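Database features (Swiss-Prot):
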TRANSMEM  12-34  transmembrane segment
TRANSMEM  54-76  transmembrane segment
TRANSMEM  96-118  transmembrane segment
TRANSMEM  128-150  transmembrane segment
TRANSMEM  162-184  transmembrane segment
TRANSMEM  194-216  transmembrane segment
TRANSMEM  243-265  transmembrane segment
TRANSMEM  285-307  transmembrane segment
TRANSMEM  319-338  transmembrane segment
TRANSMEM  358-380  transmembrane segment
TRANSMEM  387-406  transmembrane segment
TRANSMEM  416-438  transmembrane segment
Amino acid sequence: MYKTKCLREKLVLFLKIFFPILIYQFANYSASFVDTAMTGQYNTMDLAGVSMATSIWNPFFTFLTGIVSALVPIIGHHLGRGKKEEVASDFYQFIYLALGLSVVLLGMVLFLAPTILNHIGLEAAVAAVAVRYLWFLSIGIIPLLLFSVIRSLLDSLGLTKLSMYLMLLLLPLNSGFNYLLIYGAFGVPELGGAGAGLGTSLAYWVLLGISVLVLFKQEKLKALHLEKRILLNMDKIKEGVRLGLPIGGTVFAEVAVFSVVGLIMAKFSSLIIASHQSAMNFSSLMYAFPMSISSAMAIVVSYEVGAKRFDDAKTYIGLGRWTALIFAAFTLTFLYIFRGNVASLYGNDPKFIDLTARFLTYSLFFQLADTFAAPLQGILRGYKDTVIPFYLGLLGYWGVAIPVATLFDSLTDFGAYSYWIGLIISLIVSGALYRWRLTVIMKRFESLAKSKR
């Protein structure tokens, strides 16, 4: 990160940060995409099992990665104030925090998840695949969270290309392990859909090993003196949790409501479950665009706010939101035209393809709502405003999605589509609430700047 002098320099810097994050996010979401697509080609029953498992896994995992992502605004403010010597200390505190959170998530997966899966009315074969998938996936919990901390460090330093290169390794690693374990290639035991969980875990262990080597060999990071081990500092841990808990809670509130809808789908047929999950999976892949804008906004805004250049932060906000709209125009057009082709990536049954394509039509409205709401979350994190957005997200997602969806399901014949309608409306409401909060925060900082002149 560096100070910019004009709009053109800001645009160039923003895009330099954004594009590597975008590629990183695509690579990140590709792990789930590869698991779902390869399992769908194996058979629909295993796909239904994996979809139920990810409905439980995603909320808890994203909650914890949301907590450790608080490292980005913390380091951003240090850099904006010229306190680079504080970076290494905060990095190690978040490493310790990630290890502790790994134990929490492991306990949830091993003890809580099977109980949920066995009490939601799933077919026995589907439940068996889901439980085995989660157990295998739990092997990769530690590298998943530790890599999230390393990635947050690199992003906050503006080294988003390095994050991108590391994450690009995930796709071939995950695909290779999945091929071996799902289909039982080259004499490896055939594990079916559950093998996708083990494939992802092994891929992340390899990725973590490579990332640690890069961390201590990269010239640009040597000035941080990361080789010096720093002891646990409970004050900094508490600060990280205080800032990160609302971030994780906001992400959890959004992802969990999608997952609850996925679990509600258990009352429908295996075909509907598989089609719903496939459409939702591709929607998540497309979410990489607004999510990347959000991450880039958190980096640039936190840097400018830390340096007390509030007008520059405001300029970046405009650039980010316009970038989100431009990309949305392309992704919406692509998905509308090729929704049938996209559906065929997940299976070859004509009924499955037709049903998935219908769900994908609803996902167009997801993308439109996310284009508005997601960047606002990143902007608010850049201002270190996380507590109120958490409550707003809770209200927007849980106060709207499930009640509206249940109402549509009861009063209309929309069936499974009712729950997509509820989710779309909740995203729109949440976006409006975030926009209101940003207006309040920006006025507060403008008043602060005027009072110090």
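Using the three backbone atoms N, Cα and C, a Cβ is placed for every residue, glycine included.
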Is the transmembrane segment (162-184) in contact with the transmembrane segment (285-307), using three or more Cβ pairs under 8 angstroms as the rule and ignoring pairs under 6 apart in sequence? no
I'd like to know if the transmembrane segment (194-216) touches the transmembrane segment (416-438) in this structure, counting it as a touch only when three or more C-beta pairs sit under 8 Å and are separated by 6 or more positions. no
Quick check: do the transmembrane segment (128-150) and the transmembrane segment (319-338) share at least 3 Cβ pairs under 8 Å, counting only pairs 6+ apart in sequence? no
Proximity verdict for the transmembrane segment (12-34) and the transmembrane segment (319-338), three or more C-beta pairs under 8 Å: yes
May I ask for the residues of the chain that lie six or more residues beyond the transmembrane segment (162-184) and have a Cβ under 8 Å from a Cβ within it? 20-21, 23-24, 27-28, 30-31, 34-35, 38-39, 42, 147, 151, 154-155, 190-193, 195-196, 198-200, 202-204, 206-207, 210-211, 214, 218
Looking at the stretches 194-216, 319-338, 387-406, which one shares the most CB pairs under 8 Å with the transmembrane segment (243-265)? 387-406
Can you tell me which parts of the same chain pack against the transmembrane segment (194-216), counting only residues 6+ beyond its ends and a CB-CB cutoff under 8 A? 31, 34-35, 38-39, 46, 49-50, 53, 129, 132-140, 142-144, 146-147, 150, 162, 166-167, 169-170, 173-174, 176-178, 180-182, 226-227
